[in-house]
Amino acid sequence: MASFLKPVNSQGLWLSLLLAITYLFLLPSAGQSLDPSGIGLAAGCSQSQGGISSFAALPRPCNDSVCTLPDLGWSCQRTAQDTANQQQSPFNHTGHFLTTSGWTWPNWTCSPSQCQLLIHLPTWQIVKQDFLLLLKEWDLLTMCQRCSDLLTKTPGFILRFAGETLILVANLIEFVLVSWSLWLCSVLVYVAQAVPGKFLLYMAAFCTTFWAWPRETASSLIRIVTTPLTLIGFLNKTGIGLISHCLALTWNMFMTWSLLPWVTLMKMMKILITSSRVLTRSGRPKRTSSKSLKHKLKISRAIQKKQGKKTPVEERTIPGVQIKKLREDPPKGVILRCTDQFGDHVGYASAVKLEKGQTGIVLPIHVWTDTVYINGPNGKLKMADFTALYEVTNHDSLIMTSAMAGWGSILGVRPRPLTTIDAVKLKNYSLFTERDGKWYVQAAKCIAPAEGMFRVVSDTRPGDSGLPLFDMKMNVVAVHRGTWPSERFPENRAFAILPVPDLTSSSSPKFTGCETYSEAETAYEMADNFSDGEEILIRTKGQSYRTFIGSNKVALLSIRKLEEELSRGPIGLWADDTEDDESAPRRSGKRIIPVDSGETKSSEDPLPKGRGVSSTPSRSKSRKGKACPSFRNDAGTEESRQPQEEKGQSCQEDSLNSTQEIQGQSTHFVPSSGTGRKSCESSPHRPTTKITSIFEDFYRWKEPREEAPGFNSVGSCPFTVYKCPPKGLSSWGERVARTSAFLQACTEKYSWPETGAEAELSSLRYQAARRQSAQTTAVIPPKDVREDLIKRTTEAYRSTALPAPMWAHNFDESHMRFEFWECVRKLKGQAGSGVPYAAFSGRKTNDKWVFDHESTEDLWETVRDRLFRLLNQDFIDPVQAVKDGLVDPIRLFVKLEPHKMEKIRNKRYRLIASVSIVDQLVARMLFRDQNEEELLQHMAIPSKPGLGFSQDHQVLAFTESVAALAGTSAQDLVDNWSRYLTPTDCSGFDWSVPMWLLEDDLAVRNELTLGLPHGLRKMRETWLKCLGQSVFCLSNGLLLAQTSPGIQKSGSFNTSSTNSRMRYMLALYAGASWAVTMGDDALESVGSDLSQYARLGIKCERAEEFDFCSHLFRAPDVVIPKNLEKMVYGLLSGTSPESPLLADRFSWLSALQSILEEMRHMPQDFVNMLIEHLGVGDLVE
């Protein structure tokens, strides 16, 4: 019945028409009229009886004034014999149809002016008489023949009926539109006669508007002319809805009155049964109990303790993991205790700061289930006083607040900021646990995301659920909620809060929070258009959201209707007030008053000219681009998700595809996408972006002067970094080192390097002289040998082959922007922005360049301009490349880590070549997909940059893969490794790399790029030339240019991937049949000839143990650290466990925890000895 009351659906009519057309083509006699014998064709609607009328055309009016068509043959003339036969027949037989008396088939009565449909319905007596006559006169064959004739005629009748109906509707629409247009014209004539002056003025304004916006004006005129049709459609829709509601109301009233007797009878039976039970119960003697209320509570409490908790959650200590704790109190007023009705401990909750200044309490749902009271430092409140603001049942997460005035003061809470899931990184966090009335802090390590939550290495006990995980700023980043099932993961788990707009995250775009995290650190990444993971429902106050969570991605939240989802969980249990559908259901029945939020203002200062070392880029309101929203709507259009095109002088529409020589300068016109989008062209001598215009006079060039072998001093720049005092042991480290021979040996073996321009220049001179000496005798392999090695390497990396990025085919603006934002999201936020961008005041790190939309747009302009410069121009020399805007100088500095004393004495410090943020993004756009695919496929290719040894199963998987290459078992490989492999390590590899090896690596990359466009190949080749022969910038601003190409830049985006592949190619040159590599480390087959490395100018040595990546293999799944003394020396430096600052103490504890994880397979006596020598036995549990 419910479906009957719905509005009429047009699908049935279309289905009938489709069936009619099908019959029309399947049955040859459809639409044609047979003669009375059933075999001949009837005369058509024409003067000649021999004519045949087509069923596809509409019938023409006949010459007679009125022509009644009794059948579907549309015959206008009948013979006298037909008339006589019709009168003699006992039936009213028209055409070849047999109709009984009183029956008349639907007939069209046509005249020259109109056509009418005549339908005559018989009475019941006639129907009965005709039915009896049919049974008497007709046999089965006759009935089948008549039915077949009826089916044959039906399609033609349907088509004619539909055609006439369409004609009538068209005439009606024509009449309405003509009448409406005449009325509009009469109004215009009246206005012209009444006020001719204003009429002329209005006409002039209309003509101007039509000239300025012709499309919009014409659209408005069309809407005015067709207003009656729109009104008719609205009234039609409204009328159908009204009729539907009336029918539904009538049906409900009918059902109510019809079922009333039965409902009354059932209620009377229930009353009788209840009365009989009461009478029976009153006749029994009443029991008397001598137990007091106190005794009852005692018994019920004992029963509850015996039964245990309603929602038990297992806690776990990971076997083999030694977790140390420091005696430390947590931040006051943050951790709250949850108890049941008897005061017994259930779990914990955390006071957090939400958006708009609101205070909330976050806790697991299973803790909320057993909690009756929430206890704070000052007092306690009942759980019934709190209402739900956020709930995700899949993650067992809940956020509550209270409408009670001053509830925070009653509990004594001091809330801390709450971060969302996209800010959680894979690192150590502070976890405070209470043991015997004392609080301890431990380094809980978040090692991996899983099922929308996190795998956390921590030591917990039953009752610890709800404890927060703090970062270094004491912000709440996650909440502990027990352990994983034993068959899933051995670690504990924690959940984080999803970014809900105006509740747990701001509704305005956040750039630093979602754009600058490293791909190796961030656990989950917010992504748009992602739906491959598990669907998660987030219920909040008055609104419901949904998202999808994959292995490491979280889809942007989308709004969802708050319907049946409220049937489960705390919010569903609190649904007491069903009338108030504007707020979330709650337990206490009290409404929550929202807190008003303030507005923030942004600076609009323009960019200054000149060096710009004390200014920041401007933020223009006119620019539009893509932000990183915290949520999205499902109904959002494509334009709302894509950045809008920017209008600037550097872009022009052009479809040319050739290279032209204009006044001796090469200018390449970028092909457009063919869809009206803009392509960009940059002039080599005129700054086209705001950022490049600032640095127009930033560099002071001078005549080249040799400063080191292979390096010339070519100028300077205002960028300077003050020399920091040398780092050394802390006072605590010096004290404990004097009391231990082991620690004293560590301090004698390692030390901290010098920093500053002098240290950088001295180390540069050492490395340059060493490189020049090696390259003097080095040889370059023949071309055919190089090509053969390129083919072999390409086959080894064949599984990482990917199509070329889409933006490189047509340089479409939207595709380039999308790739740019993907690259920005993978930047390391705290990494230096490089030269010259770090010269801005307050812009020394990457995250300061993408902190809002305007600054990111300025960066996008610069990256886009540089890409097209790489495409349009050629590399001449390093200085000219900087002048032409092809590349930025590379910042050179000493890596701040412990060095061996031998390197300290020789001033052979490890140098880091830091690439600027623009060049970093350019490299990511050129090679991002390829490098990410290598990380995913590291177990299937020789390069192992994605490998880790922090877990035993990772070690075992690597050992088994190497054993498969060597043709033996993992255990045999470890026991007899010298028979199967050769561990090698290259000294000073980055500074020894020749240019031809970098070119061969690029050749392999191009071979692995399917459908490589010419433009992408050109940009990659120019990029490599700029990288291979660069300008270095020291800490004092001195600029040094390479005179000979080569040297791998350690801070480049491709360093890890390229070094690993070049290391594999070198192993092939040395004669190895197989090799696995990571950076400059390699495991090669026993047939490798290490003397070939020296011929190529690279120093390579064989290790004395089964060593790979500073780890020594002791079993197929057991490795121990090789540089333990270096790690311990770092523990004695910097921060200490005696620091007055909590952040310093936790930093030291995290370092200790990392060392203990590396030492997890070392003898326990050695670990205890280390703790004893450090003298922290009384501080560390």
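Backbone N, Cα and C atoms are what each Cβ position is placed from, and that goes for glycine too.
In the three-state DSSP reading, H366 (active site, for protease activity) counts as helix. Taking the Cβ of H366 (active site, for protease activity) as centre and 10 Å as the limit, one finds 21 other Cβ atoms among all the protein chains shown. Annotation comment: Swiss-Prot describes H366 (among others) as active site, for protease activity.
Over all protein chains present, the Cβ of D396 (active site, for protease activity) has 23 other Cβ atoms lying within 10 Å. Per Swiss-Prot, active site, for protease activity is recorded for D396 (among others).
Swiss-Prot lists S465 (among others) with the feature active site, for protease activity, giving sequence analysis as the kind of evidence. Other Cβ atoms within 10 Å of the Cβ of S465 (active site, for protease activity), summed over all protein chains shown, number 26.
The compositional bias 'Polar residues' feature in Swiss-Prot is assigned to 649-677.
The domain 'Peptidase S39' annotation in Swiss-Prot covers 318-515.
Sequence annotations record features per position, and here Swiss-Prot assigns region 'Disordered' to 572-688.
The signal peptide annotation in Swiss-Prot covers 1-33, and the record cites sequence analysis as its basis.
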Nearest-integer angstrom distance between the alpha carbons (Cα) of S465 (active site, for protease activity) and D396 (active site, for protease activity): 11
D396 (active site, for protease activity) versus H366 (active site, for protease activity) - Cα distance in angstrom: 7
Mean of pLDDT values spanning the domain 'Peptidase S39' (318-515): 86
